[in-house]
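For D116, the entry in TrEMBL reads active site, proton donor. Look at TrEMBL and you will find K22, N23 tagged as phosphoenolpyruvate binding site. Positions annotated as UDP-N-acetyl-alpha-D-glucosamine binding site by TrEMBL: R92, R121, P122, I123, D124, Q125, D306, I328. The domain 'Enolpyruvate transferase' annotation in TrEMBL covers 7-408.
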Amino acid sequence: MKKLVIHGGRRLSGEVTIGGAKNSTVALIPAAILAETPVKFDSVPDILDVYNLQVILESMNVTSTFKGGELMIDPTEIIEAELPSTAIKSLRASYYFMGSLLGRFGRATVTFPGGDNIGPRPIDQHIKGFEALGAKVREENDTVYITADDGLKGARIFLDMVSVGATMNIILAAVHAEGTTILENAAREPEIIDLATFLNNMGAQIRGAGTDVVRITGVPKLESKNTHTIIPDRIEAGTYLALAAAQGDGVLVKNVIPEHLESFTAKMIEMGVQLDVREDSIYVPKSENLTPIHIKTAPFPGFATDLQQPITPLLTLADGESVITETIYPERTRHIPELQKLGVAIENPEYGQITVTKSNNFHGASVAAAEIRAGASLVTAGLMADGITEVTNAEHVLRGYDHIIHKLTMLNADIQIAED
Ligand SMILES: CC(=O)N[C@H]1[C@@H](OP(=O)(O)OP(=O)(O)OC[C@H]2O[C@@H](n3ccc(=O)[nH]c3=O)[C@H](O)[C@@H]2O)O[C@H](CO)[C@@H](O)[C@@H]1O
Ligand SMILES: C=C(OP(=O)(O)O)C(=O)O
């Protein structure tokens with residue numbers, strides 16, 4: 001295991017460039033096996049999830065090379081094979097192989113996915129979608145067996161709740177299905193548009209991605225003709241924006257799509273952070289006299305659950321009590337006891353509710369990252385704290401933050417990675 005060692009208290013300044021979106025990337029890689037040709041992505045983030053997905057691809061005889069942000073995947077010699085369960089368990093998004101294998105071969109056998117411990121994460125809506133398309137689904141010994149012996153047929157599917165994963169998975173399965181699938185109450189996250197753009201550029205017919213009704217008309221063949229550039233990671237961007245406001249003396253966050261962050265930047269502005277939102281970058285000046293806010297997490301375009309923990313250290317600078325209502329993952333609270341060790345006044349008074357009050361004098365401590373965004377909040381708080389903070393279980397952070405040591409060091413932070 002690895003740990004991050006932070007000598008906190010240094011003021012941050014300069015520029016940081018955001019990488020490609022993790023949540024696009026982890027869907028695009030499984031999507032690549034639907035192509036009859038090699039595919040190429042650029043702006044691919046250097047994160048552990050990508051390396052684990054490459055291990056899964058390799059088990060299917062799909063070769064891939066990843067260098068300098070460019071990922072080439074050749075699925076032309078793909079074979080059906082047992083997928084490596086350690087890699088499958090290392091990330092949530094391995095469940096996208098259910099949709100893409102089903103689309104490609106008409107059947108899929110995938111171990112239950114792993115991923116972050118942020119409370120229950122059922123996949124009933126994914127399964128409901130596959131069944132509506134004509135597949136039979138059986139769950140046994142932690143494994144999901146999906147078969148569509150008579151092929152998949154377009155269907156009308158209404159999701160019971162807005163789910164990013166189910167929306168993506170149903171799109172993946174439906175691209176080769178016979179006829180048209182109409183997916184209602186679909187998630188509207190920008191990463192879904194990114195997936196649809198990639199597939200459409202290869203010949204798929206997906207309309208309405210980014211709205212709550214997505215129509216997918218099956219096509220027999222997908223062929224890649226150009227490189228797909230992955231959209232910037234709005235969650236990584238939000239993490240740096242919050243850090244910059246909390247500990248910066250002027251930070252420019254580059255390669256962002258500000259429209260993807262509106263619910264987040266609106267809250268920062270409400271706090272009194274004088275953001276300068278430009279075309280594809282956001283400047284964060286030194287922030288003072290902040291006021292507390294109320295945040296309610298919600299599906300896009302609402303405030304992202306993935307950003308409630310990264311913004312938390314900033315809330316400690318506001319004069320009063322801020323309240324976060326976590327509606328997506330009410331048990332996403334594993335950062336709380338760890339932040340308390342650093343001196344943060346944070347409580348979980350009732351299920352799904354988190355309160356944060358003004359806390360002076362953070363002090364370094366040894367803390368554990370239970371999951372990716374809990375880890376991001378600990379790194380932010382550690383950079384604000386006096387003394388040394390060690391964040392153990394750093395793999396959770398490295399799973400989704402591209403070149404984090406380099407980026408923070410360039411902003412004048414003192415952070416190292418070490419074996420634990
Ligand atoms: C790889 C990826 O993109 N991960 C993101 C994705 O996760 P993921 O796609 O797993 O999250 P979902 O959007 O599916 O989950 C939303 C809510 O629906 C519930 N649900 C979901 C599916 C289902 O079949 N049944 C069900 O009850 C979940 O428990 C949760 O309460 O969206 C989450 C919510 O924005 C983010 O936190 C994750 O970073
Ligand atoms: C919960 C997250 O990721 P995953 O769905 O990949 O576990 C996240 O990115 O915050």
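Using N, Cα and C of the backbone, Cβ positions are placed for all residues, glycine too.
Just so you know, TrEMBL annotations never went through curation; they're auto-generated.
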Filter the recorded positions K22, D116, P122 down to those with CB closer than 6 A to an atom of ligand 1; keep them in sequence order. P122
Indicate the candidate from N23, Q125 with the smallest number of other Cβ atoms within 10 Å of its Cβ, considering only these binding-site residues. Q125
Over the span of the domain 'Enolpyruvate transferase' (7-408), how high is the average pLDDT in this prediction? 97
Across all chains shown, how many C-beta atoms besides its own are within 10 angstroms of the C-beta of D124 (UDP-N-acetyl-alpha-D-glucosamine binding site)? 11
Cβ neighbours within 10 Å, counted over all protein chains: which one of the binding-site residues K22, R92 has the most? K22
Out of D116, D306, which of the recorded positions is least crowded by other Cβ atoms within 10 Å? D116
Out of D116, R121, P122, D124, D306, which recorded positions lie by ligand 2, with a C-beta less than 6 Å from some atom of it? D116, D306
DSSP three-state assignment (helix, strand or coil) for P122 (UDP-N-acetyl-alpha-D-glucosamine binding site): coil
I328 (UDP-N-acetyl-alpha-D-glucosamine binding site): secondary structure state under DSSP, collapsed to three categories: coil
